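Trainee: From TrEMBL, for reference:
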| type | residues | note |
| --- | --- | --- |
| TRANSMEM | 12-32 | transmembrane segment |
| TRANSMEM | 48-66 | transmembrane segment |
| DOMAIN | 123-243 | domain 'Palmitoyltransferase DHHC' |
| TRANSMEM | 168-188 | transmembrane segment |
| TRANSMEM | 208-228 | transmembrane segment |
| REGION | 339-364 | region 'Disordered' |
| COMPBIAS | 349-364 | compositional bias 'Polar residues' |
Amino acid sequence: MAPKVIRICCCAVRWAPVLFITAIVVWSYYAYVIQMCILTVEDVGEKVIYILLYHPLFLLFGWAYARTIFTQVGTVPRQFYLPKQDADHLERETDPELEKNILINFVRNANLPVQTRTPKGIPRYCEKCKCIKPDRSHHCSVCGSCVLKMDHHCPWVNNCVGFTTYKFFVLFLGYALIYCIYVALTSLKYFIQFWTGGIGNSFGKFHILFLFFVSMMFGISLISLFGYHCFLTAKNRSTLEAFRAPVFQSGPDKNGFSLGRYNNFLEVFGENKKLWFLPIFTSEGDGVTFPTQAVHATANSYQTMGNTPSSGDGIVFPTRTVDLDSDNLLSDRQRWMEEGEGDGLGDSNLMSASSQQLVNQLED
């Protein structure tokens with residue numbers, strides 16, 4: 001009984017910020033449309049213009065917010081999960097060198113398209129999910145799983161911002177900022193009139209005064225947040241990568257996934273210009289493999305695991321379109337999303353036998 005109550009309480013706490021934002025937005029609609037436009041604004045033409053401009057912006061803002069909340073985060077394909085026998089063996093192993101070799105052996109045999117690794121040069125492994133982390137993926141302690149191209153977990157949407165939701169999140173911030181600016185500018189005139197006593201509607205005065213202050217407060221806070229994520233989009237970085245640079249064969253490189261501002265923008269918003277500013281998923285790729293700068297684009301990056309220098313940045317940008325026939329790393333992009341019948345964890349016996357054989361050789 002107690003665990004169930006705790007889960008319900010945790011769920012309520014997680015949804016509280018979303019309910020708070022939703023309540024503010026619903027109230028702002030009432031305050032702006034009913035109290036200001038209909039009951040306070042006297043000029044009919046001004047009413048019509050305010051309402052006609054307000055509703056498309058309100059709908060885009062609400063649509064982007066809903067997509068950010070309810071879109072499922074990208075999860076790691078099954079091919080990246082270690083077979084149970086190998087995962088158990090890895091958990092019991094105390095020798096760091098043997099642990100490293102077990103992971104490298106699995107990545108090589110499964111032909112996983114990973115280019116990033118730990119500073120020690122071994123595959124990034126999630127001990128909780130028992131899987132190899134694809135490039136740019138990280139474990140979310142709130143969601144309880146590894147998330148593709150994870151940026152951060154946002155309490156205001158009660159969801160992870162990652163590969164499947166990042167475009168929606170950026171649009172949500174942008175439309176929220178425009179919404180706040182629009183409401184603040186159009187209500188400023190009536191805010192001044194109420195403040196100076198030019199209008200005597202005490203009930204409407206409360207709503208319009210509060211509406212102006214709230215829109216200004218949220219607008220100011222959104223300027224820096226939206227600007228920061230525009231910067232990250234232009235650099236093709238996640239929030240996590242901005243704090244800790246991804247490690248490639250040549251070493252850490254915070255610009256390793258950057259392909260130039262325009263191509264970085266296309267990776268998030270897609271090539272269909274008509275859908276750029278609509279909350280419709282158009283991001284490029286599958287969330288597992290990502291084009292990198294030419295200096296990091298090795299044909300079989302997993303063959304170099306365990307041999308990572310501590311430094312070395314290169315600034316050479318390849319063409320945005322990757323030739324799948326000439327790049328072995330990306331030739332199986334669709335396979336990660338299509339395969340996985342049955343348990344989907346790969347050939348368990350083969351992986352286990354391979355790792356056991358490697359351990360025996362090392363012991364000899």
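Cβ coordinates are placed from backbone N, Cα and C, and glycine is handled just like the others.
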Trainee: What counts of helix, strand and coil residues does DSSP assign across the domain 'Palmitoyltransferase DHHC' (123-243)?
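Mentor: Tallying H, G and I as helix, E and B as strand, the rest coil: 69 helix, 16 strand, 36 coil.
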Trainee: Please give the average pLDDT for the domain 'Palmitoyltransferase DHHC' (123-243) in this predicted model.
Mentor: 93
Trainee: Apart from its near flanks, which chain residues at least 6 from the ends of the transmembrane segment (12-32) lie with a Cβ under 8 angstroms of it?
Mentor: 54, 58, 61-62, 65, 69, 142, 155-158, 183, 187, 207-208, 210-211, 214-215
